[in-house]
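Novice: Mind looking over this structure? Questions follow.
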Amino acid sequence: MAKAKKTAAKKKKKAVKPAGKVASRRATVSSKKKGRKAATKKAEKKAVKKAAKKVVGKTAKKVAKKAAAKRAGKKAVAKKTGAKKSAIKKSVTKKPAEKVTAKTAQPAKQVTKKAPAKPVKPKASAAPQSAASARAKNSFYITTAIAYPNGEPHIGHAYEAIATDALARFQRLDGKDVFFLTGTDEHGQKMVQTAQKENMTPMDLATRNAARFMEMDQRLNVSYDRFIRTSESVHHQATQEIWKRMTTNDDIYLDSYAGWYSVRDEAYYAEDETVVGEDQVRRGPQGTPVEWVEEKSYFFKLSAYQDKLLALYENQPDFIGPDSRKNEVISFVKSGLKDLSISRTTFDWGVKVPDDEGHVMYVWVDALTNYITGVGFPDEGDANWNYWPADVHIIGKDIIRFHAVYWPAFLMSAGIPVQKRVFAHGFLFNRGEKMSKSVGNVVDPFSLADAYGVDQLRYFFLREVPFGQDGNYNHEAIVARTNADLANDLGNLAQRSLSMIGKQYQGVLPVPGAFSDNDNAILAMSDGMLEQARTAMSTQQIHQALNAIWAVVAEANRYFAGEAPWALAKTDPSRQQTVLYVTAEVVRQIAILAQPAMPDACAKLLDILGIAPDARDFAALGTRIKGGTQLPPPAPIFPRYVEPKEDSPG
């Protein structure tokens with residue numbers, strides 16, 4: 001409720017969220033939970049905005065002092081797992097490394113008010129566990145991958161945020177208690193290198209760019225519940241706790257690492273995964289340069305989890321989607337897993353390894369843990385912990401290995417239930433070419449939203465690109481979808497029918513007579529949209545849900561043209577009333593179901609249909625629009641795109 005009020009107050013800055021969300025949440029979420037989410041989100045935005053204006057400075061120093069005081073007041077860390085391991089640690093000779101200033105290692109200001117509880121002793125079993133019994137049956141937890149903020153947001157970030165938002169909105173409208181997490185992954189060598197180039201600290205860089213990612217989410221009407229930053233002190237505590245649990249389970253040991261490492265991917269690659277190009281540069285499977293690294297490192301016993309992971313994939317066949325990615329992961333695991341290097345000593349911008357601050361954690365241990373930090377870990381008494389395990393992580397296909405292999409293995413080791421599903425979407429290409437700064441074809445999402453409109457852009461990407469596959473975008477394709485699907489098909493259907501009601505019935509929705517076979521056919525087709533959409537969205541096939549909706553849009557246009565209500569005014573006024581009523585009912589259902597893709601435009605369409613704010617969720621699809629209702633004056637919702645005189649974007 002607090003979130004809905006806030007959104008209404010800032011309508012010009014951020015599109016209105018569907019009021020159906022409020023109605024569905026009334027039935028599923030206590031007022032206490034809603035207040036908690038709204039307060040958390042408000043605090044996050046305020047904190048990031050403030051930090052972006054005055055990066056680090058006195059505030060960061062105060063935070064560092066508080067964090068130091070908390071650390072000093074905690075009990076001594078867990079006992080070492082054995083004399084042998086202690087002896088190994090003592091024998092380590094740390095390589096001298098270029099260290100960023102102490103200031104760079106300060107965690108970001110906390111955006112969660114509640115302090116984490118004392119670490120919970122891990123369970124001894126390393127097997128996957130079922131969800132906690134306290135988890136609400138009606139809850140739905142969804143996440144994006146957290147973005148790496150060493151640069152500005154690009155359209156790939158926007159695509160993932162839009163798609164995940166559509167999935168979250170759909171579940172809210174369907175009565176689920178949704179928690180939607182997004183954020184930024186702020187540690188690692190790339191951040192250090194970029195900050196040095198810009199003559200600033202990594203913390204300054206992270207704070208500045210995190211604000212830009214929040215601005216992107218606001219601009220694109222992304223309805224997240226929590227924006228997490230991995231530099232938050234609460235996240236440092238959570239990451240150190242999962243490390244301690246993995247250590248207690250005897251899955252971490254100290255050794256030396258020598259191999260190929262990609263700074264850009266923050267990933268280690270085997271020799272046979274790299275190739276030397278014509279330019280004599282060795283690159284990894286993603287086409288990024290790799291460098292030879294030799295250093296002391298802590299290792300995670302990933303090799304011990306090969307059989308457990310294969311059992312997970314077999315027992316939970318929907319754990320990885322789409323199937324092409326599932327086959328890729330299973331093939332990788334079956335080929336044999338090697339223990340994973342999980343710490344670095346050549347830089348210090350990251351989460352410190354417990355008991356050995358000469359090491360910082362491998363950025364993926366840190367980054368993946370955000371998914372449980374975001375719902376309260378390690379305080380398993382936190383109300384939000386009931387959302388875990390996540391229903392689905394939405395990620396790019398290039399990071400499937402981290403989410404479908406490393407992450408469940410870490411969770412098994414720590415005695416934490418594994419996530420339910422990982423879904424990897426494809427890449428976006430600009431006119432068939434991969435986006436690249438060197439090619440000069442990178443288009444930022446802000447300019448696209450300004451050029452075409454937020455809902456038009458959201459609809460294009462969700463309808464045009466089969467989710468899970470690679471897709472293309474260009475100016476002509478966006479304009480074609482905008483003008484054909486939105487302005488011509490849905491826009492004209494709504495405008496023509498509602499204008500006729502306004503002119504001939506003074507804006508009062510007619511009361512229908514007996515339904516004909518044609519009426520019953522189009523109404524039945526409309527009634528079937530919800531189940532089709534549910535089936536598609538349950539496997540993240542967003543484009544299929546929209547295909548089902550637009551099939552009804554097309555059929556409704558044929559129905560309207562065939563019945564010719566403009567001609568019935570003189571020949572059969574009673575029949576005209578029924579046709580206009582049926583058309584309005586079909587448009588209402590379309591508008592309700594299209595809200596996840598186009599929340600602002602659909603809210604306006606429901607406004608001119610006279611639909612109350614508490615009658616816009618999917619439960620309302622079980623009723624019919626009420627004849628005799630006074631409707632507001634109709635207004636065009638989907639304007640046609642007209643080419644500007646200057647050069648078009650994209």
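Cβ coordinates come from backbone N, Cα and C, glycine included.
In TrEMBL, annotation is done automatically, which means it is predicted and not curated.
Sharing the feature lines straight out of TrEMBL:
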type     : residues : note
REGION   : 1-132    : region 'Disordered'
COMPBIAS : 1-16     : compositional bias 'Basic residues'
COMPBIAS : 31-40    : compositional bias 'Basic residues'
COMPBIAS : 47-93    : compositional bias 'Basic residues'
COMPBIAS : 117-132  : compositional bias 'Low complexity'
DOMAIN   : 141-273  : domain 'Methionyl/Leucyl tRNA synthetase'
MOTIF    : 147-157  : motif ''HIGH' region'
DOMAIN   : 291-497  : domain 'Methionyl/Leucyl tRNA synthetase'
MOTIF    : 434-438  : motif ''KMSKS' region'
DOMAIN   : 510-639  : domain 'Methionyl-tRNA synthetase anticodon-binding'
REGION   : 630-650  : region 'Disordered'
Novice: Please average pLDDT over the domain 'Methionyl/Leucyl tRNA synthetase' (291-497) for the predicted structure.
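Specialist: So the average pLDDT across the domain 'Methionyl/Leucyl tRNA synthetase' (291-497) works out to 94.
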Novice: Quick one: DSSP breakdown of the motif ''HIGH' region' (147-157) into helix, strand and coil?
Specialist: 3 helix, 1 strand, 7 coil
Novice: What parts of the chain pack near the motif ''HIGH' region' (147-157), using Cβ distances under 8 Å and only residues at least 6 beyond its ends?
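Specialist: Distal contacts: 182-186, 188, 190-191, 194, 205-206, 209-210, 212-213, 216, 396, 427-428, 430, 435, 442-445, 448, 473.
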Novice: Using DSSP, tally how many residues of the domain 'Methionyl-tRNA synthetase anticodon-binding' (510-639) sit in helix, strand and coil.
Specialist: 89 helix, 1 strand, 40 coil
Novice: Reported in the order helix, strand, coil, what are the DSSP residue counts of the domain 'Methionyl/Leucyl tRNA synthetase' (141-273)?
Specialist: 65 helix, 32 strand, 36 coil
